[in-house]
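Just below is one structure, and these are the notes that go with it.
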């Protein structure tokens, strides 16, 4: 029985033969126990069975339970890699009795397994019992035939187990393997018990009491059994090695690390090989169970594990991402026992690759800062907690990674100051957000943010990922679920969906997952700076908190947005080259169907300038050069020439997007600080077509443009229209512009002639004013006429013409428009201004037309009214006013 897989199978097979149900491992994320970060023992999935809350169709069970201890009080992370038996991920073999057999049968089954099935020498086995458990002491003597010196009484809580302050509890009995006197260490309970000579391989818990508040214990009517055997530990014993990392499974992983790094796994860097092997298992199994790296909760613990391994890969000299290349070996070794990692193999590889790629970009700078800040520290010194927090907050360095990097130098970290900095940041964030325009939902989003943490954005690297529903909101309140047909807001632990910001619209797409749930993502917004909120409409199933989902961004739409966003960068720089360095971005809209770019410039662009801007931008599109993104300190980025845009708030670390190569000096053509999504190469933009240029405000201009397919369709339509025009004109395309210009000028000439003809016709054909249009009011001539087909702006010209015709008098002309409204102009010849005021007369006419007011000079005034049908009445009213 040499292999770990055979040992696991033998354990399960043994208990199945003894009437136990083989129960599959439960997930690493406890399904019904919010008090636990991760499943850390075999009994976790049976907790409700032991307490009587849940019934199972069997009373005996055997499992091989996957476990993680890397957070909370069960945190082995710091020791992993440096000791023989510490792990973040491990397997716990166990057999359980739910009110069926008890101590005697449990001891008999355990003894027979280790001595008969596993064939461990009896004389190398030692057991412990709780000092008050005389029954267990007697049973070991009776069943196993152990002498008194092989049964050790332990008076401490090490041999008394409890589920909590209240609930089931009972004494324990542990089985130890003695490696012999050549190995340092003493027996359990002795001052030297922490040595490697005596290794615990199995713990039997006899649940026989119920702990009541106040300290009283009652005997359980149906006592139960819970046992746990560490597979890694017992495998080391059975394989004759003293170190869990020397078992066949771990050596297979370590050997692959050594192969890929060309570093001796048993040399000075042995610990790094072990860290990677252990953390690989935790990373893959957690990913398979729906945990993905993030900055809060379980995802943060996973990120710490991954990044600690990645840091050790870097110490081994790995130049490229390493962790994802180890996944196939792990799947080969453990996939038969745990088929979930077979199903999740590609997801695990993708997640590890993305995480390591992201981490490597910031690792070098973070380590440089760590080195600078710790230069004056020597062994025994303490690294400032505030600096450790900056490394965490700005560069994604978990605290334990900083501790691990300083460990070799004997330097500790001031964790109290680290915690204080963390608390201070949260308080400042709340204060700075006050009055930001989201007051109505501040409390809600801060509450959600505190509970679920920041959303991890994956969209720079992928458009499809897996995520877990962290919170749901409907009608301004947190809810437990969203049913089919309902709309609401979904917050995920991580997302590939870009949230609207920096002028770029948010992504849309679909999510789907377990239980047949599917929903449309119709918008993605950002709250509090780092909380991504997905507006969804559930189509089928029910979205619940904790639901694992496949997240798919609308690829075509995202591609169009990327093209438009990258085009704004090219256009921005082209505008600076054509118009001058005063050009600065003042706003933008990056949508899938178009782009809009606002910039500072004092006057309209000429046609030549606009064409030159478009030509320059398209020159870099045609070159199809790479678009590069770097993560830099904001000060370094700006010093290097990157353009920081208006109104943007930047952290200590920024994304710098560069594209194109300048013809003059070989430097990047465009370099900007930008958090948006971009094409991989400028050629992916396809084409840039500028549609228009206009004014937005004083000193601010706007250009609108299309890219890619939208630009192509626009140009195709324009080309078709041009060809159609040429056909109508019966002229070659090259002559269309000149022919159209000629036609336009001819039209204008004809329109002028027509207007003159209408004026003459309106005034009686060009001679003296016709008698029927001239009235005599007292001794004053009044030329009053209603006209149609004359633009209102031309009425003054008609009045001037009328004044010439009558020599002395008043002229009143009402022009009726095609929509039934009217304009009225009144003129008074110079000799009569002392008697008649044109303004007063036009107001009388306007009132008759249903209007109010009017204005002008005593000799010429204008007004209007909504009712052109009252034109004659208006003229009569003016005549009456003159007579009055």
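Glycine too: its Cβ is placed from the backbone N, Cα and C atoms.
According to Swiss-Prot, the Zn(2+) binding site annotation covers 565, 569, 674, 678.
A simple way to gauge crowding: the CB of residue 569 (Zn(2+) binding site) has 28 other CB atoms within 10 angstroms, across all the protein chains here. Within 8 Å of the centroid defined by the CB atoms of 565, 569, 674, 678, the record's Zn(2+) site, lie the Cβ atoms of 562, 566, 568, 627, 657, 659, 672, 676, 677, excluding the listed residues themselves. Around the Cβ of residue 565 (Zn(2+) binding site), the number of neighbouring Cβ atoms within 10 Å comes to 26. The Cβ of residue 678 (Zn(2+) binding site) has 25 other Cβ atoms within 10 Å, all protein chains considered.
In this view, residue 674 (Zn(2+) binding site) is surrounded by 25 other Cβ atoms within 10 Å of its Cβ, with every protein chain counted.
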